[in-house]
Structures are given as C-alpha cells and as structure tokens.
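S.K.: This is the structure, below, for whatever I ask next.
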Amino acid sequence: MKVVNLKRGPILALSGSVLLIFFILYSFTPSTPQAAIRDIRIRSIKDERIADGKVEFPGQREEKEERREGVREEKKEVKERKEEKKKEKEGNDETGEEITKKREFVREMMMHAWYGYRNYTWGYNEIRPSSKQPNNQAIFGGSKMAATIIDAADTLWMMGLKEEYKQARDFIYSNFSMANAQGTLSVFETNIRFVGGLLALRALTGEEFYTEKALAVAEALLPAFNTPTGISYSNIDMRTKAASNYGWANGGSSILSEFGSIHLEFTYLSHLTGKNIWINKVKKIRETLDKSEKIEGGLYSNYMNPKTGRSSGMTHVSLGALGDSFYEYLIKSWIQTSFKDDQAKRMYWNASDAIQRKMIYTSKSGLRFAAELKGGQPDKKMGHLACFCVGMFSLEAKYEKNETRKEDVMQLAEDLGHTCHESYVRSETRIGPEMFYFNDEDDATSKRSEHGYILRPEVIEGFFYLWRITGKEKYRDWVWDAITAINKHCRVEAGFTGLQNVYNANQGRDDVQQSFFLAETLKYAYLTFTPSSEFSLDEWVFNTEAHPLPILKGEV
C-alpha cells in the first residue's frame, strides 16, 4: 500500500533524485584512490601514444612513413656528400693505393707502345703494330724523321721512364736533323709535333741543344710565311722549298686550325733565342685575323685566302677539324703570357660568346653539343676532335672573373664533357667514334659512317681538364674507363692500333700507332692520376699536341 505523506513527499522525492545522481556518479568513479591514479596514468599514456603516433588516426600511418622516408633520404644524401668529399680529398692528395696502381697501369701502356716502336721501326716515323712495319704519312717530310721519338720523349721524361727517355734523348742529339727531310711536310704538324716537342724538352730538362734543334725546324718552315697577309701555307716541299696549299681546301685556301696554331711555339722560341722574327710571324697572322670580318661577331671561317686574308667560298665554322686549335691557342696565348696578351683574350672571349649563342644545341635526349656552322646553318654533328673544347671552356671558367659567367661556362664544359662521355659508353667497345651525330637515328652515335677510332686523345684530354679544375672524382673514373677500353680493344703484340668500327670490334683494326697516342692520349691519362701540383696548370700550358710549355714571367 502506498502511503503518501503530504508533508514529507517533496523531501522523499528530492532524496530519490539525489540517490539516483549519486548512483550514476558512483558507477563511473574509481572505487579507490589507487584506481583513480591508475586511470589518470592510463589517460596520460594514451595521450603520449597519440603524440608519438602510436595510436594512429586515418591517414596518419602514410604521413608518418613519408616523414621517415624523407629523413632516411636526407641522411643518405648527407652520408653520400661526406663520402664524396672524403673521396675527392683522398684523390686530391693522391695518397690512394688505387690511384698509384692506375698511374702505373698507364706507364705500362706507354712502355708497351714505346718498345713496340723501338724494337721494330726505330728511326722511322711510326709503327704499324700488327704487321710490325714502318708507317709513313706524307706530312713529316720523309719516312725517317722519327716523329714518334720526338713526340714521345717528353712523355717518357714526365713519367719518370729514365732509360727510355735516354734512348730518345740520345737519338735526337745524334741523329735528328732536318737534312733528312726530302719530301713534303705539313707546316702545322711539323710545328706542333717537332717544334713543340723539342721546346717542351728544353723547358723540362734545361738542355740547350733542344733549342738549337727546334730552331732548325722552325727555320725550315719559313718559306710558308711568305704571303702578303702573313697567313702561312699548309705544305712545304723540302727539296724545292716551295710552299703550297691543299687543292681540296676550298680551292687552295689556308686552313684556320693550321696557320692559327703556331703562336705558342713561336712565342716561346723568341723567348728562348731573343730573336723577334718568330713572334713577329705569328703576330702578323693575328693582326690579319683581328682585322678580318667576323662571323656572328667573333667566329672565323675555316678557309681563308692567304693573299687577301678573307674567307674563301661558303663559310664553314667548326670546333672540330679545320678550326679547333685556333680557338684553343687564343686563350692559351693569353695564359702563356701571364695574362698580358690582351688581344688574344679579347678575340677569344668574343669567339666564346658567339659559340655559345650560335653553335651550342641540345639533343632529343638532353645532350648539349657543339654543332658546326655551314653557311650560317647548323650541321648537327660533333667530332671526336671537337671534344678538346671541354678543356678550353674549363680553362675559360678557371680564369673568368664574373661569377655568373664563370658558372655558366663551367656548366657548359661539364655538359659537353658528359656528351663526349656518352659517345664512348654508347658504343660496344666503350670507345667513341671519329664523328657522332644528333638526328632522328643518332644521339651521340654514328651508326652509318665515320665510326672508327684512331687512338685520338681529345675526350680523355677534356676529362683531364675537368678533373684538374673541378676536382670531381667522376672525371678520373671516366679517364680510367676510357683508357682500359683502349687497352682491351686496341692493344696488339707490338703496340696499339686504331679500330675500324667502335660498334663492332670484330670489323678489325687500322694497324697504325699514331705518334700522338704517346704524346697526348697516354700523357693526359697519366697526368689524370698524378698529383695536381706536378705539371700544374698554373705553371704550364699544353700545346695542341700536349707538349708542355712554361707560362712566361715578365716581358714576352
């Protein structure tokens, strides 16, 4: 029976409500102080786990993994940079055992090339190493002008091959004479190999007889300079002393790379002898070119008339054959004079500007290359010879004062070096062809023609300069790859020979060991693994045959 007390009813109702609230609170409240502490701790741990990412919300796992991957990549990059700097430091210090082994490897190649020539064709110009017979080119004035001995002697000296150097030195002292030249010689080749080689030996050894030998060679070249403009002819018949040009050279023109690549040697010869006749000869050529009409504000035609000083026929501009070393000698003449030859500097920088504006292109795969210009239009190919410009632009960057231009030119040198490297690694032999193209079928390759290799140095030369100037280890790696490929595919019992097709070694060899292989290819490879303080670029300038001439101090 329900009893209702009207006086106590509200109180009982309130009490019931209080009890209900108390029951609810009690149900959700720890029964002991320890439980309360434990609950707080649990919530605290839960909060920490959320903060630490241990409790994951939707998408949080992916975010966290991305952050971790970023950290890992950053650590990896830092580690790689440290290792690269360490490797470069070890390389710059030249203390590594591997570097010594590589240097000795190149020395052994030089010995093999030298003794092949020494044993079978001593006194002749070059060797055909497969047939073990003399090789004669109609550019040295006769078959027994000992081109290999003159070209190789400074390399032997620089490599510390004392016995072999003495063999070369004694032959030159006792047997070398321009009286042995009874045929036609190339003024250009005789200058860069013979005059340059003998002058380098004088600079390296201090022996005065080398100056006398170089002087005799230079005197034999004088008939070539008897022109109204000073621009020299290409050839001299040593019997009649008559000078002439090649009939195929745009109707008998003189060739830019030939008459433009005498300046270094004749300047040093005047310095040694005190006779201005030599420097005056090359200054007259320079004056003629400086006054001539330029192409694109700074470039020169590969063919010029020695009587008028004007370009001949359709203008053809190239950093490869016919044009190459003229541009090289402009910047090197400036360096040779301790930066006093302002005319050479101005002409070079104007040429470099024009080259960068009009001759540098990018292939379909992103390779930058130096095209040729024919009638003002680009011919999109690049020769092995043109890879010399990697070193030329590296030198420009080394001495450029404007930081923006310095970076741009250095990048150009590295980009062109990369392209020349690609021409090597895209072949079966990992040696580059004589000419490589950029079109729908080719990209730094030569699948149809001009795919031989004649032991040329220019690609290795470019890598040498990049290594010396940037210190980047990859350029020494590239030299090593190239020189070991040459050793693998070009080595025969009596020396080294060129290849008929770098894309198929089975197509045979050309059976010629060019003298420049010993003068340039092996020298630049060796110097790449030699301390940079030896034969420093701050003390020496290399002519286009890699013969080192000293940078002159004081008046030139």
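Here the Cβ of each residue, glycine as well, is placed from N, Cα and C on the backbone.
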S.K.: Say which of C387, C490 is recorded by TrEMBL as the disulfide partner for C420.
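M.R.: TrEMBL lists the disulfide between C420 and C387.
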S.K.: Quick one, of the active-site residues D324, E434, which Cβ has the fewest other Cβ within 10 Å?
M.R.: E434
S.K.: Below 8 Å Cβ to Cβ and six or more residues apart, same chain only. Which residues does that give for E189 (active site, proton donor)?
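M.R.: Residues satisfying the criterion: I139, F140.
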S.K.: Name the residues of the same chain, 6+ apart in sequence, whose Cβ is under 8 Å from the Cβ of C420 (disulfide bond)?
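M.R.: In sequence order, the residues whose Cβ lies under 8 Å from that of C420 (disulfide bond) (at least 6 apart) are M382, H384, C387, V390, G432, E458, V459, G462.
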S.K.: Cα-Cα, whole number of Å: D324 (active site) versus E434 (active site, proton donor)?
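M.R.: Between the Cα atoms of D324 (active site) and E434 (active site, proton donor), the distance comes to 15 Å.
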S.K.: Mind telling me which of the recorded positions C387, E458, T544 has the densest Cβ neighbourhood, counting other Cβ atoms within 10 Å?
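M.R.: Sorting the candidates by Cβ neighbours within 10 Å, the top entry is C387.
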